[in-house]
Amino acid sequence: MSTANKSQYNSRVTPYVFSCWILAAFGGLMFGYDIGISGGVTGMDEFLMKFFPKVHERKLHAHENNYCKYDDEMLQLFTSSLYIAALVASFFASKACSLFGRRPTILMASLFFIAGSIFCGAANAKWMLIFGRVLFGIGVGFGNEAVPLFLSEIAPIHHRGAVNILFQLLVTVGILVANLINYGTAMMKHGWRVSLGLAAVPGFILFIGSLVITETPPSLLEMGKEMEARAALQKIRGVDNVDAEFQQIVTGCEQAKQVKRPFKKLFKKSGFPALFISTIIQVFQQFTGINAIMFYAPVLFQTLGFKSDASLLSAVITGLVNVGATFVSIYAVDKLGRRKLLLQASIQMFISQVAIGAILVTHLKATGSLDKVLAAVVVVLVCTFVMSFAWSWGPMGWLIPSEIFPIETRTAGFAFAVSTNMIFTFIIAQAFLSMLCHMRAYIFFFFSAWILVMGLFVVFLLPETKGVPIELVEERVWKQHPVWKKFFKDDAKETTD
Ligand SMILES: OC[C@H]1O[C@](O)(CO)[C@@H](O)[C@@H]1O
């Protein structure tokens with residue numbers, strides 16, 4: 001079936017499949033909500049006074065050392081404990097995805113998430129707060145593993161990029177909603193409880209979703225349920241004749257069944273290209289510096305001398321830009337391809353970061369403020385940065401790893417992508433406030449140097465996967481690439497275990 005192309009695959013987007021996409025993508029909203037909520041909450045006085053009185057004290061008296069007022073390890077742990085938990089959980093989630101399927105894994109994610117929001121919203125002690133964040137984290141680990149795989153596996157081939165990006169779209173919506181909620185609760189008594197507790201809402205929607213959505217055909221085949229797999233494919237494609245596509249998936253799964261230890265296979269020579277690309281793309285996604293802005297936008301804008309309210313508002317503006325630009329990606333990814341978007345964005349991100357760094361280094365006053373016009377220019381530059389991230393490295397970080405592994409190593413390989421995202425999100429979350437304190441505005445030059453490296457990576461090492469059926473990626477992508485084809489030379493000699 002090496003000649004499979006899109007015309008061989010019958011498919012219509014049925015209302016049922018559309019609802020499956022949207023419901024599953026709520027896993028992204030849960031993740032985004034968490035990312036967005038902690039920055040605002042950590043700026044709220046009542047929250048700081050209750051759990052981090054020393055930081056509150058410093059915040060009240062900060063002037064000169066503005067860059068350092070939020071530099072506190074426990075406060076950073078509040079944000080970053082979630083990512084450590086998610087990192088560990090993603091490997092369990094990979095097992096759960098293979099053994100029980102994508103759907104039950106999504107269900108588990110929602111339950112952890114609801115439990116986490118109860119603990120955080122009701123927290124009376126620091127341990128409850130951190131424990132709640134850990135539960136959230138387990139939910140995120142399960143959701144981030146299962147949802148992108150789910151989306152890629154039920155998407156019609158010629159819309160795969162767009163469908164997969166629904167996950168990242170809802171991540172961005174989650175961040176925005178969280179920012180808006182923080183904006184509303186900032187002045188409220190117990191506002192922080194409302195902000196943290198409301199996370200239960202997307203968790204609950206995902207819970208309902210996981211009862212409604214179908215299991216994916218590859219996952220059903222992986223569990224040996226051939227009849228159900230065909231029926232599921234017919235249901236999601238909305239046509240009876242799904243023979244060509246079904247045969248393709250069956251062939252992929254038969255090969256997979258011969259592989260008893262996917263993690264071992266992943267570390268063989270021929271497993272390296274996909275493992276490398278999906279890991280590095282997540283490292284790079286985080287080294288764009290996006291989360292320095294996403295987590296700490298209100299804190300960052302306050303540091304630049306905006307008042308509390310204005311800072312939250314600026315964070316809402318960047319949140320809106322983030323959502324809007326992700327739509328651009330949905331529209332363009334299956335037309336322009338992955339590489340073009342990543343390259344264009346690397347250039348735009350580089351210019352934005354260098355310009356922000358230059359303005360801050362040369363014009364930030366000793367009091368930690370900027371004059372009005374320059375402050376507005378910085379907000380605009382932050383927006384051009386966020387915008388280009390949102391149509392490139394943001395969604396591609398999930399899309400590319402979900403489509404470059406063969407089925408036998410897909411869940412295991414994807415777990416590496418998820419956990420890498422978590423480790424590096426953690427590193428940035430944990431380190432950013434200290435880095436900001438020590439490197440000051442030079443931090444923007446640090447990130448822009450990374451962006452330069454990323455551009456070169458795309459030019460030389462990243463293959464295009466637009467329009468290639470997942471089952472044919474090895475033949476059509478890896479074995480044709482000038483660098484990566486060398487890893488498939490001794491293919492025949494490799495055993496299948
Ligand atoms: O939209 C920005 C968000 O997207 C992610 O990179 C996930 O893909 C997050 O780490 C970040 O906060």
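Glycine is no exception: its Cβ is also placed from the backbone N, Cα and C atoms.
Just so it is clear, the model here is predicted, and its values are computed rather than measured.
Here TrEMBL flags 20-466 as domain 'Major facilitator superfamily (MFS) profile'. Per TrEMBL, transmembrane segment is recorded for 12-33, 74-93, 105-124, 130-151, 163-182, 194-213, 274-299, 311-334, 373-393, 414-436, 442-462.
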Report task. Would you mind listing the long-range same-chain contacts of the transmembrane segment (442-462), meaning Cβ under 8 Å and 6+ residues beyond its ends? Result -> 277, 280-281, 284, 287-289, 292, 338-339, 342-343, 346-347, 349-350, 353-354, 356-357, 360-361, 393, 400, 432, 435-436, 483-484
**Report entry** CB contact flag for the transmembrane segment (274-299) and the transmembrane segment (130-151), at least three pairs under 8 A
**Finding:** no
Query raised in the report: Cβ pairs under 8 Å with the transmembrane segment (194-213): which stretch of 12-33, 74-93, 373-393 has the most?
Result: 12-33
Query - Interface-richest range of 105-124, 130-151, 311-334 toward the transmembrane segment (373-393), CB pairs under 8 Å - result: 311-334
Query raised in the report: When you scan the chain for residues with a C-beta under 8 Å from the transmembrane segment (130-151), skipping those not six or more beyond its ends, what do you find?
Result: 21, 24-25, 27-28, 30-31, 34, 77-79, 81-90, 92-94, 96-97, 102-103, 105-106, 108-113, 115-121, 123, 163-164, 166-167, 196, 199, 203, 206, 213, 216, 398-399, 401-402, 410-411, 414-415, 418-419, 421-422
**Report entry** Confidence summary (mean pLDDT) of the domain 'Major facilitator superfamily (MFS) profile' (20-466)
**Finding:** 87
